[in-house]
């Protein structure tokens, strides 16, 4: 199920602009790794290189290696579409397919992957919605549009959609930034449960959130506006928040800048 | 808050209720202008309808034939005999052919411009398609009559030979292709730009995050289009098609130039002959007397109603799946 991510010497570009520079890190399976750092430091860009979504942006380009266990995602002949089926993603704003019902939203990824019997589909949809702690709230209205749910419910629907295809890795790009505190709490609890099964990487602007949900924390920074973002340090979350080894990290988490 | 606060009173400032004008000059002028434009539009529509109805009633009251079923248009005879059966058939059939050809092609071009073509190619291509709309319809008519008709003879023979068994594509009359089928093809070319450009605009408005949702699930480009672009653009494509259909139903000069009119209804669409409302009016209006014109106006009223009906049907289709339209996302 869950796989280890091993990044080495990774840089990403938008056209000629280098957005992140020479990042190397390892993410252990069945753990939660949080990316923190000021706006524009490239943490979302880096996250999007992990499932080859970065190159979807016009001019987006990547150098370096990302190993998923032993397979290089950027190897010759690797189909980005296949990569994205293994590495799931949850976005900043909940984005259920507005024209699909709740059921169809969760089943969307499965239908891409092949043909399922109706009963199989029903089972997986139920399991995924339960996995996303949403089943009890929507089980009576699976045929209603997904866009009719509240923001927090929509985000959990998107998580259910992402986990329905049983990915190896789950990437979350500020999944709670558009949600209220109660919905945020629901998602954070869910992340704690999901890490039993998936390797999770989460970008967050909320340092308390990083401290609450993650095992490891990576701090990104950039030396000046227009300069590429860099990985400053990656360590156990406890250490990052109590005794970081780099001064810039301490300055950032104690609110002296950023 | 355990103890409620009884002192909480309505302290909202006395904002103008229901967002009405605050009484400033600019507000008043703008409100008046927009209200006036709205009313003007309704007045124009109502007066057209009233004019058509009034003149049509004069003609219909003296018509000796059945207005709906007579296969003849002889308004200047004594007693006058005229019916719209042929015109209704010709208008509907040629428009259906036009839609069947134009809508899939237009959606394809729109998708190509919005999602497949490299940016350098997309802009000029969109411009060329829009340029098609700038060609006057009489030019289309001349081009259709002088170029398209002879070119289509081969296609007609082919269709007759291989699809003749369908009855529809059986050609029982010799003669050049001045048929409803040719008119349909010509109309398809004429409505292509409007359907394409409106569809393209709609496809470009699909929120980026909807497409990324599909991409992140491992969708290929075509699957992204099928999962997020087409469903989102569905109502827009229907509206675009209705705009195109409106033009096809009412097209006059091009049809009048290409068709060799006859007052017959034939299911063999490759046979020359037939007629449409607009073509019939254009062909007969000049030489018609006062009463003949009233009769033509009566047929125009039917075209007016037909267009209303088609638009209403399109709105129904769009409204039926409103919850899933994406407008409430």
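Using N, Cα and C of the backbone, Cβ positions are placed for all residues, glycine too.
Range B:125-149 is the one annotated as transmembrane segment, of B:125-149, B:150-174 (source: TrEMBL). Counting only same-chain residues 6+ beyond the ends of the transmembrane segment (B:248-270), those with a CB under 8 A from a CB of the stretch are 71-73, 85-86, 89-91, 93-95, 97-99, 137-138, 140-142, 144-145, 148-149, 156, 159-160, 167-173, 175, 177-184, 186-187, 190-191, 276-283, 303, 306-307, 310.
Scored by C-beta pairs under 8 angstroms, the transmembrane segment (B:80-113) has its highest count with B:295-318, from the stretches B:38-60, B:125-149, B:295-318. Sequence-distant contacts of the transmembrane segment (B:38-60), counting only residues of its own chain at least 6 positions beyond either end whose CB sits under 8 Å from a CB of the stretch, comprise 67, 75, 80, 291, 293-295, 297-298, 300-301, 304. Cβ atoms under 8 Å from those of the transmembrane segment (B:125-149) belong to residues 109, 112-113, 117, 176-178, 182-183, 185-186, 189-190, 192-194, 196-197, 200, 251-258 of the same chain, restricted to positions at least 6 beyond its ends.
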